[in-house]
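The structure appears right after this line, and notes come after that.
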Ligand code: HEC
């Protein structure tokens, strides 16, 4: 019996379709990872606060003692932790203080660190 000449093409087509399905599943997973960078990543803790505060030193000074922006030392005497977190997340409208410099999770930890006193 003569071999059916269509079979090799059919095999390649099936392989191609399988590859497409595999790549799109892999791609969707990657997309989710990009959308939720916190997930599965390391948890942010108070120990990370000082490092996170590096995003702020450009304006608030190297030891957060104040620069072009006010000092962030002794913030606890002025604001509650929640208020500081809101400032970090939303910024202060109409000023150079921009919101969204760090993730919401980082903002929470940073606010706690700033209000409780930096050690
Ligand atoms: C581009 C410069 C800039 C950066 C970066 C910046 N800030 Fe600010 N920030 C300001 C300015 C300017 C003000 C004062 C706004 C005003 O006039 O009320 C301010 C005010 C604040 C206040 C209120 C202080 C007070 O005494 O009322 C807090 C809290 C604060 N910033 C936290 C942060 C934190 C935390 C970061 C880092 C995640 C940060 N800022 C990064 C410019 C900056």
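Placement of Cβ uses the backbone N, Cα and C atoms for every residue, glycine included.
Residues annotated as heme c binding site in TrEMBL: 56, 59, 60, 97. Residues within less than 8 Å, Cβ to Cβ, of residue 97 (heme c binding site) and separated from it by at least 6 positions along the same chain comprise 59, 69, 87, 91.
Residues annotated as domain 'Cytochrome c' in TrEMBL: 36-118.
Look at TrEMBL and you will find 6-28 tagged as transmembrane segment.
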DSSP state at residue 60 (heme c binding site), helix/strand/coil: helix
Cβ within 8 Å of the mean position of the Cβ atoms of 56, 59, 60, 97: remaining residues of the chain near heme c: 57, 58, 67, 69, 72, 96
DSSP three-state assignment (helix, strand or coil) for residue 97 (heme c binding site): coil
Within-chain partners of the transmembrane segment (6-28) [C-beta distance under 8 Å, separation at least 6 from its ends]: none
